[in-house]
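Below is one structure, written out as structure tokens; comments come after it.
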Amino acid sequence: MPGSSFLRPLVGLVLMGMLAVLVAVSVGSSHVGFSKVLWVFAGGGSELDRTLILDLRLPRVLSAFVVGGLLAVAGALMQVLLRNPLADPYVLGLSGGAAVGALLAMLAGTAGFIVSGSAFAGAMLATLLVFGLAHGSGSWTPSRLLLTGVVVAAGWGALITLILSMTPAARLPGMLYWLMGDLSHSGQPWPGMLVLVLVCLLVLPLGRSLNVLARGSMQAAALGVSVRPLEWLIYLLASVLTATAVTMAGAVGFVGLVVPHMLRLVLGNDQRLILPACALAGGILLVLADTLARNVIAPEQLPVGVITALLGVPTFLYLLYRSR
Amino acid sequence: MTTRRLTVFILLLLVPVTVLGETLCASDALDRNVCLPGPATRIVSLSPGATELLFSAGAGDLVVAVSAWSDYPPQAEQLPRVGDSSRLDLEAILALAPDLVVAWVDGNSRQQLDRLAQLGVTVFWLAPREFEHIPQAIEDLSVLTGTPATGVAQAELFRNDLIELEENYAEASLIRVFYQVWDQPLMTINRDELIGKAIELCGGVNVFGHLPRLVPRISTEAVLEAAPEVIVTSGRQESDRQWLEDWTAFASLPAVAAGNLYLEPPDLLARPTLRMLDGVKHLCQTLETARARL
């Protein structure tokens with residue numbers, strides 16, 4: 001029974017996650033001490049402290065956790081689907097489609113809900129486009145899907161550059177921050193959390209099939225896995241996860257690529273453990289990164305994408321160096 | 001006071017007179033002495049602000065092309081465009097055979113303009129960082145375009161109005177101001193920015209004046225902590241009023257409690273030109289209204 005051996009790392013990650021959230025909520029550009037935070041959670045504290053912690057920090061920290069989790073799970077699924085270690089949630093052009101949607105909305109002078117709505121629509125359009133094109137008339141293979149996605153992503157990239165070059169200078173910072181990934185306007189974390197939990201519940205029973213699929217579609221087919229429907233399901237789920245994340249925080253890079261690899265180096269390559277572990281570890285990484293982004297040069301702010309890479313690169317290289 | 005103003009006036013009149021005979025020279029924002037063999041006759045302006053300053057200097061008729069977004073004065077809208085400030089069409093500029101190009105340090109590409117200079121075009125750089133740089137630029141441009149009288153008169157008007165404003169608000173009680181430049185990301189200005197200086201002139205204390213960057217990006221939390229008594233923005237359009245509405249969610253902010261959320265007219269404060277003074281006047285009146293509500 002693998003359950004017990006899975007339990008320890010997952011419980012460890014849950015505890016680390018709770019600690020990360022608590023730390024993140026306790027530090028910010030205004031100095032609300034740790035004891036005050038506990039006091040606020042207990043229902044006390046001044047009006048300002050309550051606003052700071054409950055209305056500003058907590059939703060943002062939870063959003064960071066959710067976005068990190070969404071991206072890491074999406075990355076893990078993409079790596080299984082494409083049998084390619086370089087795959088990340090954005091490799092098939094999903095973030096490009098979302099970016100074009102969001103930037104067009106910003107260029108039109110809109111903000112808030114319309115921008116995130118356009119981002120989600122763009123992501124879904126990108127998904128359908130790649131789905132339709134990769135289907136084609138011939139047979140379907142992961143490499144065909146990958147190539148289609150990469151080329152479509154390049155097309156989105158060109159559109160993004162075109163939009164940026166036609167935008168008046170005053171609107172550029174907002175667009176660049178969106179492209180770098182930014183959690184300052186992520187809104188409420190609950191819809192994203194719902195998506196994350198639902199997809200994880202949906203994927204977990206598939207863990208065994210995913211393990212087989214990761215070894216190759218021929219083997220999986222020989223072992224009785226219906227490969228084609230499974231692959232499309234993974235693609236659809238990964239797309240929904242990524243679209244949700246991108247809608248909440250823009251194109252935060254790096255988490256989706258590196259977190260699954262880190263966990264594989266530490267925990268081995270069993271999808272039944274890796275996928276829930278990704279949801280937790282991705283969340284922890286992004287919560288810590290966002291905490292730094294908020295505080296390194298406070299009250300000024302950095303985009304979180306910068307920090308995820310600065311934190312993730314050395315950690316990953318260290319794990320890689322240590323591994324046999 | 002009057003004698004000082006008179007002396008300044010006479011001195012300024014003398015400056016252009018001494019150079020009218022032969023070559024015309026003025027020192028630009030890069031501290032280079034820019035000289036022309038005679039008054040410029042074909043001018044290309046590379047920023048909306050420079051276009052306005054050229055018209056103020058009395059050289060509007062000599063401007064043959066402008067950069068994108070040059071929409072003031074209305075005559076400027078009819079002129080041919082040579083690309084966006086940061087991406088200029090060098091070929092189009094050269095084809096117009098200008099004898100003077102007016103560039104803007106914060107907006108134009110140094111590389112592109114250096115290329116123009118290599119090809120023999122005279123480039124005059126502007127970088128308004130203080131109020132005094134505005135009348136100075138008008139005077140310099142009027143010297144190079146052979147309309148010094150207009151330039152000096154306009155500059156003098158600006159300086160006098162500025163002094164009057166400074167005197168009017170020198171005794172004003174201090175009020176804590178948060179100036180919002182943009183919404184997503186949330187951005188403000190520090191004390192070195194011209195708008196920051198306008199806030200100080202009106203007796204405001206910029207709550208983020210001390211930050212090192214000219215246009216810092218800050219967190220909502222930092223604004224709550226700074227507890228401004230008035231929040232001002234000059235969004236690009238009326239719909240940016242939403243930026244102010246968003247603050248009403250934080251009832252503990254003194255500015256929200258006092259109802260001190262103001263949208264200043266766009267363009268006036270944003271461009272370092274003669275019109276900026278109208279923007280400053282408007283801002284000062286806004287802060288007066290805000291003081292009364294505290």
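Keep in mind that glycine also has a Cβ here, set from the backbone N, Cα and C atoms.
Database features (TrEMBL):
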TRANSMEM  A:12-41  transmembrane segment
TRANSMEM  A:61-82  transmembrane segment
TRANSMEM  A:89-107  transmembrane segment
TRANSMEM  A:113-133  transmembrane segment
TRANSMEM  A:145-170  transmembrane segment
TRANSMEM  A:190-211  transmembrane segment
TRANSMEM  A:232-259  transmembrane segment
TRANSMEM  A:271-289  transmembrane segment
TRANSMEM  A:301-321  transmembrane segment
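For the transmembrane segment (A:271-289), the neighbouring stretch richest in Cβ pairs under 8 Å, chosen from A:12-41, A:61-82, A:89-107, A:113-133, A:190-211, is A:61-82. Contact check: the transmembrane segment (A:145-170) against the transmembrane segment (A:89-107) gives at least three Cβ pairs closer than 8 Å, residues 6 or more apart, which meets the contact criterion. Beyond the ends of the transmembrane segment (A:61-82), by six or more residues, the same chain brings 17, 20-21, 24-25, 88-89, 91-92, 142, 145-146, 183, 186-189, 192-193, 195-196, 199-200, 203, 210, 213-214, 231, 234-235, 237-239, 241-242, 244-245, 248-249, 252, 255-257, 259-260, 263, 271, 274-275, 278-287, 289-291, 304 to within a C-beta distance below 8 angstroms of the stretch. Spatially, the transmembrane segment (A:89-107) is adjacent to the transmembrane segment (A:232-259); three or more Cβ-Cβ distances between them are under 8 Å for residues at least 6 apart in sequence. Panel annotation: around the transmembrane segment (A:113-133), residues 92-102, 104-106, 145, 148-149, 152, 156, 178, 187, 232, 235-236, 239, 242-244, 246-248, 250 of the same chain, lying at least six beyond its termini, place a Cβ under 8 Å from a Cβ of the stretch.
Within its own chain, the transmembrane segment (A:190-211) has Cβ neighbours under 8 Å at 62-63, 66-67, 69-70, 73, 77, 80, 220, 225, 230, 233-234, 237, 240-241, 244-245, 248, 269-272, 275-276, 279, counting only residues six or more beyond its boundaries.
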